[in-house]
Amino acid sequence: MVNTVNPVIVAIDGPSGTGKSSTSRAVADKLGLRYLDTGAMYRAITWWMLSNGVDVNDPVAVADQAGKPTLVSGTDPTAPTITVDGLDAAGPIRTQEVTAAVSAVSAVPEVRARLVELQRAAVATATDGIVVEGRDIGTTVLPAAGVKIFLTASAEARAARRSGELNGSVSVAATQAALIQRDAADSSRVASPLAKAADAIEVDTTELTLTQVIENIVALVEEKRTGS
Ligand SMILES: Nc1ncnc2c1ncn2[C@@H]1O[C@H](COP(=O)(O)OP(=O)(O)O)[C@@H](O)[C@H]1O
Ligand SMILES: Nc1ccn([C@H]2C[C@H](O)[C@@H](COP(=O)(O)OP(=O)(O)O)O2)c(=O)n1
């Protein structure tokens, strides 16, 4: 379907486990928009660093290598893809090893500059509009986005959701501790930290079903599109 109204850019930010990916994909699918998971891009470059023996805790070494990998993100919300140097990275970027290293790599300004450039290029080609999810989309990557959402949820709810995905292989308590640690690292870094944009609408998803969150955001985007 081709939109006859202006392409809408939707920025969805928030901490881990608040529902950004599930919500963003569904909203994009329902509204005929493209979809970009910027967290997957930070995970992909982290996977490349680990695979190539770069010390992820050495910001100088990470910065030095940041320009090397070729990242390509597919923006179909029903089948998002990510490749690194032509290799399918969708599976490897979800390992605990990558999750544990991604905050350190994404704090390096050279990494962010490289990925933000790719993110803006993806948005520029999405002529029907796009939903972009991450941590700094509303504040830094796309400050002029037409709709900005900041998702939140209690640490307990987020840990229970994530632990459910891991089929109970990691305890909820351990998952919660790891989430809190990653949020603290992502929120306290100097280069475009996780933050709510002043003009973002905050949606607390703790007591909402995924369907309710999707419906709320679709309604917000529709309001914006029709100017009502
Ligand atoms: N409102 C919700 N209620 C219950 N579970 C949810 C809700 N939103 C998302 N989930 C589930 O929580 C998990 C994490 O969601 P995800 O979209 O990956 O979050 P994020 O991208 O913010 O880390 C997924 O298994 C998802 O199905
Ligand atoms: N725009 C973004 C997106 C993600 N990041 C970093 C910080 C996050 O901890 C990691 C991974 O993001 P991702 O959205 O995949 O994380 P979760 O799905 O919440 O586990 O990437 C970032 O710095 N900026």
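Glycine too: its Cβ is placed from the backbone N, Cα and C atoms.
According to TrEMBL, the protein carries these features:
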type: DOMAIN; residues: 10-222; note: domain 'Cytidylate kinase'
type: BINDING; residues: Gly14, Pro15, Ser16, Gly17, Thr18, Gly19, Lys20, Ser21, Ser22; note: ATP binding site
Excluding Gly14, Pro15, Ser16, Gly17, Thr18, Gly19, Lys20, Ser21, Ser22, which residues of the same chain place their Cβ within 8 Å of the centroid of the Cβ atoms of the recorded ATP site?
-> Thr23, Leu151, Ala153, Arg158, Thr205
Among the binding-site residues Gly14, Ser16, Thr18, the ones with a Cβ under 6 Å from any atom of ligand 2 are Ser16
DSSP, reduced to three states, assigns Gly14 (ATP binding site) to coil
Mean of the pLDDT scores, which run from 0 to 100, over the domain 'Cytidylate kinase' (10-222) | 96
